[in-house]
Amino acid sequence: MTYVKSSLTSPGLPAITSEIDKSQALVVLPESLTPWKTSILSCGASLGSTIVGFPFDSIKTRMQTHKYSGSIDCLRQAIRHEGVAGLFRGITAPLLSIACSKSLAVSIYTYSKPQVAALQEQIVSSSSNKNHKNNEGTPSHRNLILANIPTTYIAGSFTGVMVTLFSCPFEFTKLYSQIGMIEGRKLGLNVTVPRTVVGVSKQIIQCEGIIGLYSGLKLHMFRELVGSGLYFAVYETTKLMINESIANGTGYISGTKIPVGPISIAIAGGLSGILTWAVVFPIDTNKSLIQRDIVSNIIRQQNGLEKTKVKARIHLPTRRMYRGLGVTVTRSVINSMVFFGAFEYLMKHVA
């Protein structure tokens, strides 16, 4: 286990990946690329997870913004009207944005976590002189886990807010691609949605200006403030608890030769996805509804119809606000397991 040095929980809080054993390396990067290793590998891992999970995301967005009897009904109608390719409509934007966003997020997170840990140490030290070490002079498992929770949450929240400034335009163009044709049918129009990110962006800018690409930014940022912090905190804390409780620092399940790493990564990744979306889903639905109204107005303007007023309404969590949660949780579990599994494997085998 790799640790971030900190006298508060010395030898420190666990880093996002395990210790790298160069003897197990399958690929050795050129020296010039070594400083960018984390960014490169997180980018690669995110491409795979995005492709696998995108059809689920497409169903989620449609269910949030339009009425269906269930996810199967939504899937059936999407394929009937747009074919299987319709489930992948708008995938270019997230392939670009998520790859870059994940790379940026992991880089910001790995930088900010030690800074947050150091700040946490100063705050705790100034308010208490209690000894956080056990008799052997190392942090107890309980104290290490408790110290890890606020650190990972704050670092994750900061990361999410920063990445939102980059990812918001891509997320809006993705949503436009996913529901543009549906909105056109609602208005009785035969709408053609551009197949490229550039084409969609041009339509948005023509009607709403550059600022239109940031439609829904406030709710997007709020979602990431809550969700990204929870995502990293649950992932790291769960993985730490599993590794410390059943592996005893050996890397294998006690009394066996079964490596604990893949198990802890799968469980922690899946759990982080489930809990995060269960909490932030109403926020995401509000964001999608506001963006849907803006998409509708863009289509109206392009076809000579009068635009309607977009109300920045906030719907309190109700059953309707959780429409599409099941498919979202499924997607998130798969995404998280694929991303963290691939990322940690690459970090372990690429030196």
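Placed from the backbone N, Cα and C atoms, the Cβ positions cover glycine too.
Caution: TrEMBL annotation is automatic and unverified by curators.
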Candidate ranges 91-113, 229-251, 321-343 [criterion: TrEMBL lists as transmembrane segment]: 321-343
Number of helical, extended and coil residues in the repeat 'Solcar' (33-115), per DSSP: 74 helix, 0 strand, 9 coil
Per-state residue totals over the repeat 'Solcar' (147-241) - DSSP helix, strand, coil: 82 helix, 0 strand, 13 coil
